[in-house]
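Engineer: To start, I am sharing the structure in question, which I have written as structure tokens.
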Amino acid sequence: MVLSAADKTNVKGVFSKIGGHAEEYGAETLERMFIAYPQTKTYFPHFDLSHGSAQIKAHGKKVAAALVEAVNHIDDIAGALSKLSDLHAQKLRVDPVNFKFLGHCFLVVVAIHHPAALTPEVHASLDKFLCAVGAVLTAKYR
């Protein structure tokens, strides 16, 4: 998925508003995904999936860090997330549809916390970005 210059500007703008809340939003995204799409819990059988658990917060921090890394390298998302792509494809074997679920839940979290920032244009750009991240994370699946 090709991001236009406007898309890149919009995505960077949203992430500048997220700022120091990225880890919190990552955990909130996971909690929302586990509730809205309970089948995603199967990849985390060893986690305490209760609200506010340390494990969800820690994994939310990883999710947020990956998204920030992708934003910081928006012109080379594949290069920035190559190791993460290998991990998900070869070791974790996460069903690719789950990245769409995660992206949707992240959009909802952004909309809740920054409704004014999520104009239709920004929404479209952020959706394209999250789809691009998902495509990178599933590119090495066979």
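Each position is counted from 1, following the chain as shown.
Backbone N, Cα and C define each Cβ position, glycine as well.
Pasting the feature list from Swiss-Prot:
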type	residues	note
DOMAIN	2-142	domain 'Globin'
BINDING	His59	O2 binding site
BINDING	His88	heme b binding site
Engineer: Measure from the Cβ of His59 (O2 binding site) and count the other Cβ atoms within 10 Å, all protein chains considered.
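Structural biologist: Counting Cβ neighbours of His59 (O2 binding site) within 10 Å gives 16.
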Engineer: Per DSSP, what is the residue count of the domain 'Globin' (2-142) in each of helix, strand and coil?
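Structural biologist: Split into helix, strand and coil, the domain 'Globin' (2-142) gives 108 helix, 0 strand, 33 coil.
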